[in-house]
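Features as listed in TrEMBL:
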- B:12-35: transmembrane segment (TRANSMEM)
- B:73-261: domain 'ABC transmembrane type-1' (DOMAIN)
- B:78-101: transmembrane segment (TRANSMEM)
- B:122-147: transmembrane segment (TRANSMEM)
- B:195-218: transmembrane segment (TRANSMEM)
- B:238-261: transmembrane segment (TRANSMEM)
Amino acid sequence: MRGIRSNHLAVFIVKRLLATIPLMTLVIAVSFVLIQIAPGDPITVLIGEGNPSDAQIAEIRARLGLDQPIYVQLWHYFASILHLDLGYSYVSSGPVIELIAARLPNTLILMLPSLLIFTVVGVAIGVYAATRPYSARDNAISVLAVLGYSVPVFVLGQMALLFFASWLGWFPTQGMRNFRAPATGLGGLADLLMHLALPAVVLGTRYLAVNARFARTAMIEALGQDYITSARAQGLGEGEVQRQALRNALLPLITVLGMNFADILTGTVLVEIVFGWPGLGRLMYDAIFGRDYPLLMGLFVIVALGVVLINAATDIIYGLVDPRIRNA
Amino acid sequence: MRDFWYHFRKNRVAVLGAEILVLMTLLAIIGPFFLPYDPFAFVGLPMEPPSLQHPLGTDDLGRDVLARFILGTRVSMAVGFLAAATSILLGVSLGAVAGYAGGLIDQLLMRTAEFFQVLPQFFLAMVLVALFGASYAIIILVIGLLSWPSVARLTRSEFLSLRERDYVTAVRALGLSTWRVIFQEILPNAAPALIVSAAIQFSHAILLEAALSFIGLGDASYPSWGQMLNSAQQILRQAWWVAFFPGLGIFLTVAALNLLGDGLNDMQNPKLRAL
């Protein structure tokens, strides 16, 4: 029995992972088509707007196989991306994949704690609002949530920076560490947290608003289900009823977070630009400024593949928590 | 219709959204005819704080922020409107075809829509605008082309349920052409859901243009709110007014659209309407 069950699970996970292959293939194909249809020579997109000599261009053409038929080029493109070769950055002349890999941890340091804390708080607020639907309290929370996700993070970020960092001086205005007085150990951690606080809170308001709204709707719906009515009829305490409803209401949150991953990352890169946080957003900003096409393409490909994988991961987690999904 | 106004007026938040939206639209249409200064000319010292001469101050080049804000209102709202119109036109047409035709065409269109929704929209828009050039035509086209799937899926589901209704079967039996069935019989009944979706598309398009302009992919020929924020970022601590007013413009317009969309959505739910 035990063996059969874990077998089912393994089959489910393998199936879900295999399902990412066609999507990833499409993502790579899209980026290939983009390079082909972009105005000007693909070579501009691949190496940037320098002034390479004719000999250099010929050398790059031969190396990248640009003198070969299109289907051979497509094949080469696939092969290179599978080898994590995203070309060379024009501005900083390093491999694109290394530049991205170097900045990714900083982006995650900003994104993950904020996502975790404010998702939990947002859900709590939503559940609280759902206990008395359409009351004044609930309506106020709903309107605040709409206002919360109507402010673009970069607008909120600029205002928070002005008020809390520039005028009140409570937080540093830019960057991730104080390079003028480098500290290590606990002092270094405190320094990092001081730099992290403001951008993380700004980023978090969005999760707070979106998740409060989601949890509220899901909870109201769950509390209206037959099994809740029957649990109440059987004399189950209100606390226990809420707990039962909460469990069922919150399972889809896993999927929602997965589907919103691209949104979450977008918010993070925009906040990074406001606060000079040295992550992927800053890298992207500099790449746009320097017309660094290989780096911009690389960022798109990595993020798009990341989205496909995160979606698969959240589906798998959902399947682990809820057997109905994996046996469907 | 009278019924609609009766219920709409009771939703104070939605009414507030509609009022802000009307004000911003009037500012966008009429405002640029009454500009206090030429928004492109250097009419003051750089970074002058708000004063009687320059009610919203001047920017880093000494241009009048109020004049640029008013022109920016027109630009941001026009770009948002045209981009949303593009995505709605595409989404409604493709969704109607998918929902009405069904079968293989439906499968193909919906798989395409799903694939578009997997792609990270902002990053794809960023690459497209960077590659094809930051002009308003490109920005509108890119936002429109990347935003149609949600409209198409909504239209499709409305069509799937409406096409099976008795009245549709009846007019078809009367020999009405397919186009007239779609445009005269089904589409008007799908309108309430589509209007909510249009409000959301509009707010989404304004946000996306602002974000693209903020990261440096704006069309410099005319200022938009997002572009003003982009140049404000460099001088944020010296001149708060350069960032504050365009930021407020984006927030008010997007919030107004979202509140309005929310209110209209609630009205379609008869359970809530009774309250």
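Glycine too: its Cβ is placed from the backbone N, Cα and C atoms.
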Maximum Cβ pairs under 8 Å to the transmembrane segment (B:238-261) - stretch from the list B:12-35, B:78-101, B:122-147, B:195-218: B:12-35
Distant-in-sequence neighbours of the transmembrane segment (B:78-101), which means Cβ under 8 A and at least six residues beyond its ends: 28, 109-110, 113, 136, 139-141, 143-160, 163, 178, 182, 186-187, 194, 197-198, 201-206, 208-209, 224
Intrachain residues whose Cβ lies under 8 Å of the transmembrane segment (B:195-218), provided they are six or more past its termini: 76-77, 79-81, 83-84, 87-88, 121-122, 125-126, 129-130, 134, 139, 143-144, 147, 150-151, 154, 224-227, 229-230, 233, 250, 253-254, 257-258, 260-261, 264-265, 268
